[in-house]
Amino acid sequence: MCQGKLHNLLLDLPKVEHHMHLEGSLEPDLLFELAARNKIDLPKDDEAFASSESLLARYGRFTSLDDFLHYYFIGMTTLVTGEDFESLAYAYFKKAHSQNVVHAEVFFDPQAHTTRGVKSETILEGFQKAQRRAKDEFGLTSELIVCLLRHISPADCHQAYLEALPDLKNGKIRGLGLSSTEKGNPPHLYKESYEDAKKHGLRLTAHAGEEADVSYMKSAVDDLGCTRIDHGIKLRDDPELLKRFAREKILISMCPMSNVELRVIKSIPELPVREYLNAKVPFSINSDDPAYFGGYIQENYCGVQEAFNLTVEEWAEIAMNAITLSWCSEERKDEMLNGLSDALAKYA
Ligand code: HPA
Ligand SMILES: [Zn+2]
């Protein structure tokens, strides 16, 4: 991994995570523990589920987004009670805090749980307990973003959106996202939910430009009104749209290790980090599904440094954009910006 002065800076930087699926932080050990406790049958015809070790080994051989999603959706069937959701989120916050994450805006997939009979209140209460503990014990603030699963029909997704709406309006859930199988499920299909959310002034993001092309990014902005795009690594292919992202400060939440593990790119140097920095397109660096892709946020920061050898000033800009384009209060942003100045002072 990266070395020297810059490595210490990357450890010290106060970090903000914008792209992390809580269900994607389910480590194999906890997965097996929950399966035993909740008497959940894992597939017997897949030898990957023989042990934590074999499961981890299989995670190292994903061939595509859908290949990963197959394991991701099986894994989360072990989450049943409020305590399970709390343990999951608390374990993530604790790990994130150990890597100097000071604020996290995290996704979850209610449709994957409610369709198995888990109540939305159970999920939300578990996550909220973990959020309160993370704030009290670590000073780590967080926001929840509900994801619509785009492999499910837009009509069913709209139903899920309507179920989440009261908690979007009362601020328990901060924003709306769109995830799962991207190709063949373009953003505009989910317009009804996003249009309604926009009317209510809610925060909007969508996964776009991960496996599919840049037209999905354009549709997420034009048709859905997103002010943030998750992954979003295809902007090079539309120079006008790239300028617009810079002008309107539309944040891209990049996930380097995820892109390599899901074979979207061969290696991190292929990412458009230099182009986005030069064009002033704001982006943050994130872990996506850290239990599945072999690293949390720190490992992703180090991977980017190894690949691009960025300067202190460039890291300062990345860290500052991550803070200022977060969906928290201005007061919280000011606190985080002060923390950033203190961390940078040592490296001036
Ligand atoms: O990287 C991802 N892409 C789409 N859906 C997802 N759900 C979890 N991670 C992802
Ligand atoms: Zn994601």
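Each Cβ is built from the backbone N, Cα and C atoms, and glycine gets one as well.
Annotated Zn(2+) binding in TrEMBL involves His19, His21, Asp288 plus, out of the candidates His70, His97, His103, His207, the residue His207. Closeness to ligand 1 is met by His207, Asp288, Asp289, these being the binding-site residues among His19, His207, Asp288, Asp289 whose Cβ falls under 6 Å from the molecule. A sphere of 10 angstroms centred on the C-beta of His207 (Zn(2+) binding site) encloses 30 other C-beta atoms. Ranking the recorded positions Glu210, Asp288, Asp289 by the number of CB atoms within 10 A of their own CB puts Asp288 at the top. On its own chain, His231 (site 'Important for catalytic activity') has His19, His207, Ala208, Gly209, Glu210, Ile252, Ser253, Met254, Cys255, Ser258, Asn259, Val264 as residues at least 6 apart in sequence with a Cβ closer than 8 Å to its own Cβ.
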